[in-house]
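Taken from TrEMBL as is:
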type	residues	note
BINDING	9-16, 22-23, R61, 88-91, K99, 115-116, 159-160	substrate binding site
ACT_SITE	H10	active site, tele-phosphohistidine intermediate
ACT_SITE	E88	active site, proton donor/acceptor
SITE	H158	site 'Transition state stabilizer'
Amino acid sequence: MGNLLVLVRHGQSDWNEKNLFTGWRDPDLTEKGIEEAKAAGRALKEAGYTFDVSYTSVLTRAQHTNDLILAELGQEDLPVIRDQALNERDYGDLSGLNKDDAREKWGEEQVHIWRRSYDIPPPGGESLKDTAARVLPYFEKEILPRVLKGERVLVAAHGNSLRSLVMQLDKLNQEEVIALNIATGAPIVYELSDKGEVLSKKILIERDYS
Ligand SMILES: O=C(O)[C@@H](CO)OP(=O)(O)O
């Protein structure tokens, strides 16, 4: 058994349900999102995982998801570290806009480029590359050393902050990352070698991306 790192995107948020660009805005989970987070906790429990520390962002939907997972695991007292470095990509001027309205205004292709390309930022916001430039140094300085010491680490964060991390762990290139989507409330379980290389990866709940 290698070193354990589990990544989970928050459950469905109110703005996911309303189909709005969210970024650094701070909606909470919907009822469905609460159920997804609890199901993620149950799946981890059934698979026999417990944790030594968890990391999350400063946004409510990720913290709430983290709390619900820890409650299912009976680990409410686990140390939780909250840091802005793990926040969702800043969607800039798109924040709060409806994604279908944006497609009508700027076209399907342009909106897809803003949402999934590596280095093209939405107006006034962060590209995935910009997001990676804060997520990866934080991961390497704060999170990975603990994983490599043998601590079992849970990270509850966001679609695009986790895309930047999975891109690095899975060694995806700039073309491959376009097709990478991370589903809500579906734990991604990594086993890492003592050098931080991925030994195995499994996703505990198969859910469609939304
Ligand atoms: O709105 C957002 O902040 C993100 C995640 O919900 O959206 P997208 O999947 O379009 O990057």
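FYI, residue positions are counted from 1 along the chain as it appears here.
Cβ atoms are placed via backbone N, Cα and C, with glycine included.
Because TrEMBL annotations are produced automatically, they should be read as predictions rather than curated entries.
Ligand 1 lies under 6 Å from the Cβ of the following recorded positions, listed in sequence order from R9, H10, Q12, G23, E88, G159: G23, E88, G159. Long-range Cβ proximity for G159 (substrate binding site), meaning a same-chain Cβ under 8 A and a gap of 6 or more residues, is found for R9, E88, N181, I182. H158 (site 'Transition state stabilizer') and G23 (substrate binding site) are 9 Å apart (CA-CA, integer value).
When the CA atoms are compared, the recorded positions lying within 10 A of H158 (site 'Transition state stabilizer') are H10, R89, out of the candidates H10, W15, R89, K99. A count of other CB atoms within 10 A of each Cβ picks out H10 as the most crowded of the recorded positions H10, R89, H158. Sequence-distant contacts (6 or more apart, same chain, Cβ under 8 Å) of W15 (substrate binding site) comprise F21, T22, R25, P27.
A strand conformation is recorded for R9 (substrate binding site) in the three-state DSSP classification. A separation of roughly 19 Å, to the nearest angstrom, links the Cα atoms of K99 (substrate binding site) and H10 (active site, tele-phosphohistidine intermediate). Taken residue by residue with DSSP, W15 (substrate binding site) is part of a helix. Distance noted between the C-alpha atoms of R89 (substrate binding site) and H10 (active site, tele-phosphohistidine intermediate) is 14 Å.
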